[in-house]
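In what follows, a single structure is set out as structure tokens and then discussed.
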Amino acid sequence: MAETKTVHSPLVTYFSMLSLLTLCPPFVILLWYTMVHADGSVCQTWDYLKQHGLQGFINIWPRPTAIAWKIIACYAAFEAALQLLLPGKEVKGPISPEGNRPVYKANGVAAYVVTLVTYLSLWWFGIFNPSIVYDNLGEIFSALIFGSLVFCVFLYIKGHLAPSSTDSGSSGNMIIDFYWGLELYPRIGKNFDIKVFTNCRFGMMSWAVLALTYCIKQYEQNGKVADSMLVNTILMLVYVTKFFWWEAGYWNTMDIAHDRAGFYICWGCLVWVPSVYTSPGMYLVNHPVNLGLQLALYILAAGILSIYVNYDCDRQRQEFRRTNGKCLVWGRAPSKIVASYTTTSGQTKISLLLTSGWWGLSRHFHYVPEILAAFFWTVPALFNHFLPYFYVIFLTILLFDRAKRDDDRCRSKYGKYWKLYCEKVRYRIVPGIY
């Protein structure tokens, strides 16, 4: 059994864990309330809470309703069925610390297309109006908060009693185990991968579904869609399309290959992604901004370029790994470092570290276009309120922390080779600055 390791100091780990466990759920509700009922104004929400105190906060917290549970259950069951039943190529994940190699079915693009076509068809043929989702958004978020906490408890118990592989284990501390998770690759049966479901098919898919929901709600409300909402929706959909196109590559990233299935990842994908990641669109529903054709096209082009660069960074590294370094990077042979490392079972393995192309600019350059893309799909809201930009700020903090955790993990994994790599690629994220 592998032990759980924490990257930050124990004090920082405890503080961040306890604050996230206690502060994230109420924040999701306050974010929704401010966007939908307080004109997007933090000051208005603050004044309300100052006036009414804790009781006021309890009053604005919606109780989960039967319709909210029904919407979540239908959506979750539909996505789980698509994950299991749609055909897809067999893809192998990276070799785990315990020497296991998970096998996935890559049917993300098919699931994405089927989901969006189904959702739009239900609206188009008058079977289900997506406005119902927006009108019950508070109740849905509330149900997700409680439902996902129960789900995380299930993961904790499963990790102790019936782990799916040897890539699991306890730190000996209940809070750390609940927060970081016990299992790296939890599955139900042989084929249903829980992290693929929570991260990709529930979390990322809900981003696209809600982006469309906000757009349709504005159309139903005003009889038209503002160009700001169109730019926001198109960029979010392009980003999520890119994600599913590259989903098999995502299975090699830190989220899947290194972070275990606990509150941090699973609750984050089930609740935080649908509420916080979609929040710029949630704001725009009641705040249509008329950008004018020229500005709208400029923002759209800048956003699409950012998403393309983000995709190309990932594609470049994936191609480099797939061909074992025998490929062209920006038209020439790649420069690389051949690094050896030892698995926990004592086997010696070889990894190639790419040091040219996008990956020669900085060790995590792909985070730069990702943050820029988030800025470009938020900026149609302009600058009347600060709250729509919360996601961009959150994403920046998240990615800078992830870069640090990834560097620390690679330093302990590769030792002297990582030192050599850092000498060659000096900057962590922003070339020339950081």
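Note that the numbers count up from 1, one per residue, in the order the chain is shown.
Using the three backbone atoms N, Cα and C, a Cβ is placed for every residue, glycine included.
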Task: Range among 66-85, 106-125 that TrEMBL annotates as transmembrane segment - done: 106-125
Task: Contact call for the transmembrane segment (291-311) and the transmembrane segment (137-157): at least 3 Cβ pairs under 8 Å, seq gap 6+ - done: no
TODO: Could you give the residue numbers and ranges of same-chain residues that sit at least 6 residues beyond the transmembrane segment (228-246) on either side and whose C-beta is under 8 angstroms from one of its C-beta atoms?
DONE: 108-109, 111-112, 200, 204-205, 207-208, 211-212, 214-215, 218, 278, 280-281, 284-285, 288-291, 296, 299-300, 303-304, 307, 310-311, 314-315, 318, 373, 376-378, 380-382
Task: Region pair the transmembrane segment (196-216) / the transmembrane segment (106-125), three or more CB pairs under 8 Å - done: yes
